[in-house]
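In what follows, a single structure is set out as structure tokens and then discussed.
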Amino acid sequence: MAASLSARPRSAGLLLAGCLLAVALSLPLAVLLGVADVPLADSLATLSGGGSAMARSILLEFRLPRVATGVLAGINLAVSGLLLQRITRNPLADPSILGISQGATLAVAVFLLVTVYSHAPGGNTLPDLPVAWLPAVGLVGGLCAAGLVHLLALRHELGPIRVTLCGVAVGALLHALAMGVIAGWGSTRVEILLEWLAGSLYARSWDHALFLAPFTMAGLALLPVLLRPLDLLGLEAAAARSFGLSYRRAFTAVLCLASGLAASAVGAVGPIAFVGLLVPHLARFVVAGHRALLVPVTVMLGAVVVTAGDLAGRLIGGADEIPIGVVTALLGVPVLILLLRKTP
Amino acid sequence: MPVTCSSLSVVYGRRQALSDFRLSMAPGEIRGLIGPNGSGKSTALQTVAGLIRPAAGQVEIDGTAVHGLPRRVLAQKLAYLPQHPAAPEDMTVEHLVRQGRFAHVGLFRRYGPEDEEAIRWALDGTGLTALAGRSLRELSGGERQRAWIAAALTQQAKVLLLDEPTTFLDIGHQVEVLELVRRLSREQGVSVIMAIHDINQAMAVCDAISLLQNGVLKFDGPPAALAESGLIETVFRVRGRFVTFAEGGPPHFDLSLGVIPA
């Protein structure tokens, strides 16, 4: 490994340092900046234990949990995208290709429909509803979709094309059902759902961060074990198996991990567009030849992209903040096109 | 016996892809697998490699049944190279070749000196040392094929299965691959089974040949006996004759073009 690294002009150390710097800049900025102007001195005092009551409330109750949720969701989506792109051997794969986003959407739509009608007639604003359940409901919906795709693919020879086709088909079905539920709803309450659908970090609390943390930690703990199988899963199945990989077991393990990561993130923050698709490509572009750095760089960029995107949405939109999903889509599309042009 | 197949049969849906296939190989033997397109050559190789479960019969490597062995244990005994394997375009040659060591290093073990030596040896043997840092996208079809052969070689298995290893290669590289196969068999006692289209190359390199037609084994024996059997003309539906250019040299099939057999 050392020999292949030294042959490269760009130093691996410099690259990692650059990514760490991006993390070190974007996270504090996302905490310190926002719609409500908190003086810098007050903010710093708050973070070191003092500060005014207002600053404490804004930073500790709103911004910090929001940034923490964003970091965890960003990591989950980015890693999930990387895993899915590898096992489907499809550069366009992301959590929506397995129907995870659509499954979560349908589950949340049905859940809101049921709870809104069983609730008091006045309760049509988001805080009045049992929104604390949304992440769990989204998670279950996403996992059910991924499980269905996996079962359908397992009936035949489990392989990248089979999984992709089953995923697209299941995703289309679930999307249609979700749209049917939403259209049939015919009420102004649709905006509750629309906000979740756009992918947002608005009003995310420590509960959301705590909900995501086990998934992120499980993912980060399992990644080192999966590094070599992931390399082999990028190869044709017959070749990977003859190199000694238990293909079905490795494929299933990676698929389960990717589904858990994506479904938890989608449940907590909604289907944030393009993060799962874009960040792995961005990471591949950044690491150039250093394949060994791809995973750590993907993790860091996932955290940076979501926090920076959310900060941009808050600063540009002001009081009517732009949902993170809209920001990542608006910025992500040109970046993706640029990357595709630069990669041979 | 490194490899024995006892009356293998493989069924795809309703189609019998292989019926009653038998094979028995000595250590260091080079076995050619020939037959028209769709005759079951690849199916036979994949079954021996444990990738297809036969409907009947059994494959044994060193007396152990292939089906039921964990993949990684099998990969230490047997290396198989499919016909046109796919790999990520941004993978470097060295990284691809490194994958062949998975059978030995597994999930966690660090690459030791013997692993690095196996990689270096495989790159050297396929003439790829200078290209080790190139990505696959920068390679010609022939170089790519050699990179895959190198990856299979790093497994350092005593049985090597190659599915048409010389397609895509120019004649110079074809000879290089065949020479490499011969060296592996003679110097290291590796038993090789290769599906091959060029009958004359098969005649020249192989110790024994299996001829397949519609999944049925039509011939199993040394090249000289195949030349005398007249089966090449009937199975491939061509006209031609075997000639010998040098005393003790391999028989050469001389194809007559422009004659369509009745």
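From the backbone N, Cα and C atoms, a Cβ is placed for every residue, glycine too.
Predicted automatically and left uncurated, TrEMBL annotations should be read as such.
Per TrEMBL, the features are as follows:
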{"type": "TRANSMEM", "residues": "A:67-84", "note": "transmembrane segment"}
{"type": "TRANSMEM", "residues": "A:96-120", "note": "transmembrane segment"}
{"type": "TRANSMEM", "residues": "A:132-153", "note": "transmembrane segment"}
{"type": "TRANSMEM", "residues": "A:165-188", "note": "transmembrane segment"}
{"type": "TRANSMEM", "residues": "A:208-230", "note": "transmembrane segment"}
{"type": "TRANSMEM", "residues": "A:251-279", "note": "transmembrane segment"}
{"type": "TRANSMEM", "residues": "A:291-312", "note": "transmembrane segment"}
{"type": "TRANSMEM", "residues": "A:324-341", "note": "transmembrane segment"}
Considering the transmembrane segment (A:165-188), which listed stretch of A:67-84, A:96-120, A:208-230, A:291-312 counts the most C-beta pairs under 8 Å: A:96-120
Contact call for the transmembrane segment (A:67-84) and the transmembrane segment (A:208-230): at least 3 Cβ pairs under 8 Å, seq gap 6+: yes
Outside the transmembrane segment (A:291-312), six or more residues from its ends: residues with CB under 8 Å to it: 1, 5, 12, 15-16, 19-20, 22-23, 26-27, 29-30, 33-34, 66-67, 70-71, 73-79, 82, 201, 220, 223, 227, 272, 275, 278-280, 282-284, 322, 324, 327-328, 331
Cβ pairs under 8 Å between the transmembrane segment (A:132-153) and the transmembrane segment (A:251-279), at least three: yes
